[in-house]
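As recorded in TrEMBL:
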type	residues	note
DOMAIN	2-191	domain 'Glutamine amidotransferase type-2'
ACT_SITE	CYS2	active site, for GATase activity
BINDING	ASP97	L-glutamine binding site
BINDING	LEU256, ILE288, SER363, GLY364	ATP binding site
SITE	GLU365	site 'Important for beta-aspartyl-AMP intermediate formation'
Amino acid sequence: MCGIWALFGSDECLSVQCLSAMKIAHRGPDAFRFENVNGFTNCCFGFHRLAVVDQLYGMQPIRVKKFPYLWLCYNGEIYNFKQLQKQFGFEYQTLVDGEVILHLYNRGGIEQTACMLDGVFAFILLDTANRKVFLARDTYGVRPLFKVLTDDGFLGVCSEAKGLTNLKHSTSFCPKVEPFLPGHYEVLDLKPTGKVASVEIVKFHSYKDEPLHAAYDTVENLPSGFDLETVKSNIRILFENAVRKRLMAHRRIGCLLSGGLDSSLVAAVLLKLMKEMNINYPLQTFAIGMENSPDVLAARKVAMHIGSEHHEVIFNSEEGIQAIEEVIFSLETYDITTVRASVGMYLVSKYIHKKTDSVVIFSGEGSDELTQGYIYFHKAPSPEEAAEESERLLKELYLFDVLRADRTTAAHGLELRVPFLDHRFTSYYLSLPAELRIPKNGIEKYLLRQSFEDSNLLPKEILWRPKEAFSDGLTSVKKSWFSILQDYIDQQVDDLLLEKAAEKYPFNPPKTKESYYYRQIFEKHYSGQSGWLPHYWMPRWIKATDPSARTLKHYKSAAQE
């Protein structure tokens with residue numbers, strides 16, 4: 001995890017522009033470099049480093065003797081860099097996993113490079129010999145990337161939007177900052193002036209397709225067919241492999257543990273593999289909640305079962321409310337459910353950074369979208385529509401859950417790893433018949449639970465624990481986190497302000513005091529950038545007026561049972 005930043009064709013003084021790069025310093029607390037591009041006085045790279053792999057030679061932009069004309073700035077982890085080295089005989093000059101990008105590009109161009117990377121990444125690759133700039137982002141957008149491109153060819157690129165919003169440019173209008181779409185790469189021509197021109201933007205991978213790099217994976221061809229035992233076995237093999245490849249690190253590994261199915265499975269498999277690989281320190285697991293939080297109690301049970309070194313972070317409503325402004329600034333969104341769920345994750349990340357030496361943090365993100373874990377999936381009209389909704393959620397992950405997970409951890413210099421979003425695991429799961437993936441017997445994620453039923457990885461009551469939304473599980477059932485927030489905000493926002501909300505904020509107008517409150521904070525820091533969020537996250541197929549699972553009828557009946 002790190003922060004990348006680059007400018008091409010800047011009209012302004014680069015040393016002044018460079019100040020914008022410091023806004024993402026939290027992403028890389030270990031080192032910083034600012035480097036001009038030889039021959040292009042108005043082009044430069046900025047890099048904030050979190051040293052996780054190759055602490056000696058890992059600074060960026062990466063340049064190697066073999067390709068002096070290539071400059072690479074990337075944020076991410078490439079899990080298959082050693083397999084690709086064996087396959088193609090690459091001669092690496094560093095231990096940095098991202099060096100493989102240079103070798104792949106030299107061997108087969110940008111398209112093959114993007115398709116062959118098994119991992120999470122956002123990168124800027126500059127080829128001064130052919131005067132090309134390339135941008136690319138991983139399939140689900142686990143690693144963030146934003147860009148500004150003006151009509152006259154000025155390009156700014158950054159891990160977070162805040163590193164681009166105050167850039168100066170000769171044109172009078174404020175340049176438009178946009179998220180770079182996941183699963184795409186862009187080719188730009190670099191002109192002698194240092195300005196650029198976009199040539200094409202290409203979607204290089206659809207998450208339903210088995211990725212090109214699967215041909216060189218450590219897991220051989222899996223048995224085909226959809227009989228239940230085969231499917232369950234394949235799910236276990238691929239998930240375990242997804243966790244194993246993510247153990248690549250020279251820093252201590254920890255795991256977020258909410259006590260729900262997803263994070264508990266990740267923690268259990270992670271601990272099992274760490275023992276097998278003789279990693280000689282205990283796995284630290286981290287739970288957060290208020291007093292009597294169902295998440296904290298469930299996580300404690302899991303930690304005792306798997307034998308992790310467990311940490312509980314207890315916060316009160318005042319601490320949660322006080323964190324909201326910092327959280328919205330870090331997130332760069334005003335989405336209601338994202339803000340609610342981010343407070344706990346932000347506070348637990350702060351604790352990990354201050355009180356422990358864990359830096360690489362595993363998490364269960366992506367499972368709800370992939371395995372139809374949200375409670376509203378019980379109301380899907382058909383298995384086919386449920387499958388379509390699952391794909392829509394995966395496509396929008398970068399706007400919601402993955403955004404939350406990246407920004408709340410990165411704000412405290414931590415690197416997030418999400419095995420549920422492994423390319424091979426997701427493409428296999430999405431290839432299964434739609435009726436296999438729907439909730440069954442009133443229980444969501446039935447197939448995933450079934451697959452691990454005989455593994456003894458988790459206590460049965462955790463394996464079959466009903467869905468609890470992360471922001472809701474932080475508090476007792478008597479008083480939900482969203483109710484605590486709404487009671488506080490009710491005193492902060494005047495009724496008249498809400499009545500005129502649509503006039504003040506015509507795009508995505510706030511419909512509640514809570515959403516108005518978040519929007520006000522967002523506009524204070526990112527005025528006029530409301531388009532970063534195309535729509536609010538809301539459940540489907542039911543007339544929901546609030547994104548919390550605890551407001552749904554199905555949740556109430558499950559809780560009463």
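Glycine residues also receive a Cβ, built from the backbone N, Cα and C atoms like all the rest.
Please treat TrEMBL annotations as automatic predictions, because they have not gone through curation.
Values in this document were obtained by computation on a predicted structure and should not be read as measured data.
Site extent for ATP: among the recorded binding residues LEU256, ILE288, SER363, GLY364, the largest C-alpha separation is 15 Å.
In sequence order, CYS255, LEU256, SER263, VAL266, ALA405, THR409, LEU416, ARG417, VAL418 constitute the residues six or more apart from SER363 (ATP binding site) in its chain with CB-CB distances below 8 Å. For the pair GLU365 (site 'Important for beta-aspartyl-AMP intermediate formation') and ILE288 (ATP binding site), the Cα-Cα distance reads 16 Å. Cα to Cα, CYS2 (active site, for GATase activity) and ASP97 (L-glutamine binding site) are separated by 14 Å. Cα of ASP97 (L-glutamine binding site) to Cα of GLY364 (ATP binding site): a distance of 23 Å. Neighbour counts of Cβ atoms within 10 Å were compared across the recorded positions ASP97, GLU365; the minimum falls on ASP97.
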